[in-house]
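*Asks:* If you look up TrEMBL, you'll see Cys189, Cys196, Cys199, Cys205 marked as [4Fe-4S] cluster binding site.
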Amino acid sequence: MLSKTKTQYAVKVMGEMFPDARPSLRAASPFQYLVSVMLSAQATDISVNKVTPQLFKHFPTAIEMAAATETAIQQDIHSIGLYRNKAKHIKATSQALLVNFAGVVPSNRQDLMSLPGVGRKTADVVLADAFAEPAFAVDTHVERVTKRLHMVPQKASVLEVEQLMMQKLPKEKWITAHHRMIYFGRYQCLARAPKCTTCPLLSVCLAGQQRLAKAK
Ligand code: SF4
């Protein structure tokens, strides 16, 4: 497994490759960010950013969203995958925010995860990006990149990936490391066709070395 030092080196290189790696969902408040993250499950951030201006024009806060019909929410987000289920969860979460948190998005994981349709990854992303609270969210890119680079065991669960990476990286680097890994996974270490021949991390990447050896 990649040592702590080499893991930190790899994250540093990713930072040099993608100095502008930052959240790409657009939102004007923690509530809108939470809704955007909920919409982004199995959808691209670009597709979410296309529908949220209209959605947030109609329903800018938890008050308006909780009072909206599911059909009205669906109409604004119908181009996003799983939109019916997402509309249901967004409405239910807005209602729960009003009932339990005075309409304010909580800034701790336990309360966030008490909201309908909000899992650990969504909670971590909201904590990190909306509140700058140290968290290391593991999405599909982060899981793939950490496993290809053998930063974590191949069979590690998502929770184990999160915990191991938090041990290997200094707390103040968790949020930036998450964003760097997303960019690295999106543009260099792609799911189907990783660009190993041009990868600056090939020297520390067993998966990449094996892939290129097989191709010879
Ligand atoms: Fe991904 Fe290939 Fe780079 Fe390894 S060498 S991190 S598999 S792109």
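Glycine too: its Cβ is placed from the backbone N, Cα and C atoms.
The shown structure was predicted, so the numbers you read here are calculated from the model rather than taken from an experiment.
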*Asks:* Look up Cys205 ([4Fe-4S] cluster binding site) in the DSSP assignment and reduce it to helix, strand or coil.
*Replies:* coil
*Asks:* Which one is it: of the binding-site residues Cys189, Cys199, Cys205, which Cβ has the fewest other Cβ atoms within 10 Å in this structure?
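*Replies:* Each of the binding-site residues Cys189, Cys199, Cys205 was scored by Cβ atoms within 10 Å; lowest is Cys199.
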*Asks:* Helix, strand or coil: which one is Cys189 ([4Fe-4S] cluster binding site) in, per DSSP?
*Replies:* coil
